[in-house]
Structure formats: C-alpha cells, structure tokens
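Enquirer: There's a structure below that I have some questions on.
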C-alpha cells in the first residue's frame, strides 16, 4: 500500500485539506509580491539631464515651470531625430555636447524608485537590470537549496526560514543606503521567497490525493495572479518604492503563525521513521474529514521504489529527446513570462493600466488552461504556445509598418503582447503537470527539479531581454524583446509536437516504460484498473 492509498481512505481533498491548502495558497500572493515588485521599485521613468545650478538655481524639474524655463531646456538639452530631449547629454557653457551626471525625472507614475534615487540611467542602466537578474539568481539558489533543507529539517521549519528570511530581507531593502547592499539583499530575498513558495507548494501537494493535485496546482497559480493585481493596486496608492517594500513585506511576518497552523508533512515524517507523529497527523485528517481508518493501515505502507540514476537516460534515446524538449519548454516559458511581465513597464501608455491588463491576461490564461481536461495536455499547450508566440512576434511589424495614429499603434501593440501573455500563462500552467506525467515515477522528482532549474535560468535572462531597448543604443532596439520572446515561444510550441499525450493514460513508472509511452501500456492499464477496483472493495468501512 502506498501513501496515496491512505489519502483515498481519509479523503483526498476533504475539509481538512481545503482549509490548510487555502492557507498555503496565500503564499502565491506573497511570492508574486516579491517577484514582481521590481516593476515598481526598478521602474525607469522619463528623464533628461538636469540644468546646471548656475543656469537655473538648482530648482530644475521634469515639468516646464515657465516659458523661461522651457527656453533654457531647449537651449541646453539636445534633441534626437524625433524631437525628444536627450536623456544623457547636455550642452556645456561652451556649446559642446557632454554627458551629464545629474538628472530630473518624470514623477507622473512614480514619486521615487531605486532608479531615480540612485540615478541608474544612461551609463548605469545595466545596474537596474542586473538587480532584477540577481533576484532570479536567488530564486535559482532557493529552488536548489529548499529541497535539501526541507528534506533535512522538515517542511514546517523550512517554511519558517523562508517566511522570516523573505520579510527581513525585503524590509531591509527599504533602508539600503546604496546600490550594492540593495542588490545583495534582493538576491537573498529571491532565495528565501522561492524557499517559501516551493516548500509551501510541496507541503500542500503531499497532503492532497492524486485525483485533485492537477486542479489545486492551477488554483495556486490563480492566487499568484491575484497577488499581481493586489501589488498593482498597492503600488498605485503607494508611489514611493521604500514604503511600497514595507507595505508588501511587513504582512509576511503574520505568516510566522503558520508554524503552528500547518501540520508537518505526514509523508516526510514516515520517511524519517517518525511513525507516531505521522499517525497523529493522518488521524487528524480523517477526523476532520469525517472518515474512519483501520488502526493497522500505516504498517501496510510499502517502501518507496528504488530510484534509477539519471545516467540510465542514455539507454532510452526517445525519452531523452522528450526530456530535453520539456527542459527547453520550461526555460522558454519562464524567460517569456517574466520578460513580458517586466516589459509591461516599458510599454507605451499608463504603467498601471498596462500592468493591470497583463495581470488580467494571466487570470484569463489560468482559467483557459482548464481546457486541457477536454482537449488534452498536448493540444492545449501547443496551440497556446504557437498562438502566443505569433501574437508577440506580430507586434514587431506594428512598430514599424503600421500607418495609423500613434495611439492606434500603441493599442494594437499592447493587445498583441497580452495575447502572448495569455498563451504563455497557459503554457506555464500546463507544462508543470504535463511534464510530471511524462516523467517516470523513478525519476520524477529529479527531473522536475532539473526542469525547475532550467526555468530559473530562463528567469535570470528575462530582465536582460526585456530591457534591451534601454541597454542597446539603437532606434530599432525596441523590436528585440518581442522578436526574441516570439521566436522562442513558437519554437517551444513546435517542438512540443513530439511529446506524448498523457490525458487519461496510465503513467510510466520506469525509464523503459517512459521510452515507449503511451504505447504498449494498454495491458498495464487494464491491470491497474482491476487492482484499483479490488482495493476500493477491500477498504470499504
């Protein structure tokens, strides 16, 4: 008897699991706060060189204060081909162009950001991008370390570390005096926030039966999208980055109470030989769900099957090829999802409107991914990725070939980007459980961990690609982000044609089975159905 068989007896998703899983889903909101807050804190507003104190008495502002002020701006600030004021150059007293070291900023959208406080513009633009990438480096480290720590200390203690560390580092960022301390803190915030999210997710999945894991996996993503929307609302009312960090991180301290509100994972307790504690957790589940279980059920649990080594993949070339395609999908989806999210701040129009549209697109995408129950994993994923990629790449000719007004061009550009966001959101949700179904039982945890690593690597590059328009000094640089994201997304969708459909299939347990999956498993499917029927008949109370 496996642990999942116990869950079938005590209730796979009863009142107990629903209550605890709701608490865990709130981590999705926190994780969205930490991952996406940089769209506000590292936002780069419009800016130009500040007039010298001797020219305007040190009171220069972005907005023109008077006709005389405007005349001085036009005299000392060069313009580009489109007539816009230069962001990085100024005429000196001798009439020669020179790079400036002081700027004035447009405060229409944000009162202050890390960029405006530390002047991370012009020659220092890369520093803002690097700070975002450092958070993603932290996510990569957290995804690798959290599993090791939670397997050693347990899920609850690891959660406590993640919660406390996320809150402390984010609060400390509000008081960071300069760029390097801010960026280092952002790295550790990435470590702790990923530890919080992944450990909470694992704890939730370990208490829920297999028949419900797919749906609840999508639900926590909806909480992430809700967190994105809440962040936008908070950011709209709190326009100073330091106060925004405090407003989104201080509530995290309330989650320390989860150490007492959430149980330790019964699966982990059994693995560690703490059977008495595991039995108490299981009895609590049964009691809350109104179920009764045999007292000797725990003694019937089978030892986990021996895990095969990754080196065995070379003996299964077909499955190895599928695995590489899955890894590529995780990389592409992560780089495109975060890239589109970060790039929302670079789109024309209102920052808050663009971010809200992007967040709503996510919500739509997560609801649409339920189509995989009807049309299957493969069709849903492939269609979403290809349509999403085509929409993103179609925004490139809009930038340069559309003959309508500027407002019409901007609307079409934003619509196409968010159609792409819907597609990549569907892909993000589907690839998670689809890849888990493709991977055999003996290597599922290891390969899912590697997949997550590819996703984290993709997220590291996402801010770099999203900011190419600012980093690359070319009038055509704005076409690079959608072009790269679109090509990657379409490629991943096309390659996914070689992946097998897993809907309503008996999943592979060994590498040999995964290599021929889904063919040649029909007899096994009938055998499994007979065993399931026998099990339920034998466990009737």
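Cβ from N, Cα, C; glycine included.
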Enquirer: Quick one: which of 278-298, 446-466 does TrEMBL have down as transmembrane segment?
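Expert: From TrEMBL, the annotated transmembrane segment range turns out to be 446-466.
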Enquirer: If I go by TrEMBL, the feature transmembrane segment sits on one of 100-122, 215-237. Which?
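Expert: Based on what TrEMBL states, transmembrane segment spans 215-237.
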Enquirer: Count the CB pairs under 8 A between the transmembrane segment (21-43) and each of 183-203, 319-340, 381-400, then give me the winner.
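Expert: Of the candidates 183-203, 319-340, 381-400, 183-203 scores highest.
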Enquirer: Which residues, given as numbers and ranges, are at least 6 beyond the ends of the transmembrane segment (215-237) yet have a Cβ under 8 Å from it?
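Expert: For the transmembrane segment (215-237), the sequence-distant neighbours (Cβ-Cβ under 8 Å, at least 6 residues beyond its ends) are 13, 21, 24-33, 36-37, 39-40, 201, 204-205, 208, 244, 247-248, 341, 352, 355-356, 358-360, 362-363, 366-367, 369-370, 428-429, 432-433.
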Enquirer: Any residues 6+ beyond the ends of the transmembrane segment (446-466) with a Cβ under 8 Å from its own?
Expert: 38, 129, 132-133, 136-137, 139-140, 143-144, 147, 194, 198, 307, 310, 323, 326-328, 330-340, 342-343, 346, 435-436, 439, 480-481, 484-485
Enquirer: Hey, which bits of the same chain come close to the transmembrane segment (243-262), Cβ under 8 Å, at least six residues off its ends?
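Expert: Sequence-remote neighbours of the transmembrane segment (243-262) are 20, 23-24, 26-27, 30, 33-34, 37, 40-41, 156-157, 159-160, 163-164, 166-167, 170-171, 173-174, 203, 231, 234-235.
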Enquirer: State the non-local partners of the transmembrane segment (319-340) in its own chain: residues 6+ outside its ends, Cβ under 8 Å from one of its Cβ atoms.
Expert: 35, 136, 313, 358, 385, 392, 417, 420-421, 424-425, 427-428, 431, 435, 438-439, 447, 450-452, 454-459, 461-463, 465-466, 481, 485, 488-489, 491-492, 495-496, 498-500, 511, 514-515, 517
